[in-house]
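Engineer: Structure incoming, see below.
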Amino acid sequence: MPEARRTTIDAGEVERFSALAQEWWNPNGKFRPLHKFNPVRLAYIRDNVAAHFGRDPRAAKPFEGLRILDIGCGGGLLCEPMARLGASVVGADASATNIEVARLHALESGVSIDYRAETAEALADQGEKFDIILNMEVVEHVADIDLFIEKCAEMLKPGGLMFVATINRTLKALGLAIIGAEYVLRWLPRGTHQYGKLVRPDELERALASAGLITKDRTGVVYNPLTDRWNRSRDMDVNYMVLAEKPTAEAMI
């Protein structure tokens, strides 16, 4: 019997998020935490991309000429601001329902984005290449994190950047991100996150290194209930972001 082909897709996760697809653009709906989280993600991406590629972050379109992949893009909450910053954006998601919602919203907003109902491995097999890959709140939902990071890294141009945001596997994260957010406060539907699939920073950085990427920066992200805002922090016990670079041939000599 031939060996089953490895896949990054967890069918249960795809089904779970497909069922919530109509909620993506409701800032007070089931994805409210993601809407609140978006400003700190955007600032981290904008500042690091501008510094790396020598762009002015205050310019109207600082990402002009850059090709970005938002893998696991959901309804397009990151794709649209990336496009407005001037990037050529491909938004990919395993859920065709999510992609339909994202396409409709982009059309209504007058934003040009190339949305595809594709997996990371399918895009990599097509030979796609990008300057920047956004891998935000996705790795804790895939079936095979090593394969997922490997396929994403294949699509990154030398000198390109990959941003990863996820949740640490700690008791603190269990209490706040799962029990607190899903069962007590009900900010997220129950079952959105599974503790065993959360990813520690050392595990993520090991997967990035195995795929040939160099970790350049890491930061925690914490929620302040008094201001109802997320902020960067040294505390990586719950939410955190990592920035990695694919070295150029010259850098590897």
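Just so it is clear, glycine is given a Cβ too, placed from its N, Cα and C backbone atoms.
Since we're looking at a predicted model, the values are computed, not measured.
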Engineer: Out of Arg41, Arg46, Arg169, which one does Swiss-Prot list together with Gly72, Asp93, Met136 for S-adenosyl-L-methionine?
Structural biologist: Arg41
Engineer: Based on the record's binding annotation for S-adenosyl-L-methionine (Arg41, Gly72, Asp93, Met136), what whole-number value in Å is the widest Cα to Cα distance?
Structural biologist: 19
Engineer: Within 10 Å of the Cβ of Met136 (S-adenosyl-L-methionine binding site), how many other Cβ atoms can you find? Include all protein chains, please.
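Structural biologist: By my count, 24.
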Engineer: Applying a 10 Å Cβ distance cut-off over all chains shown, what neighbour count does Asp93 (S-adenosyl-L-methionine binding site) have?
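Structural biologist: Here the count is 28.
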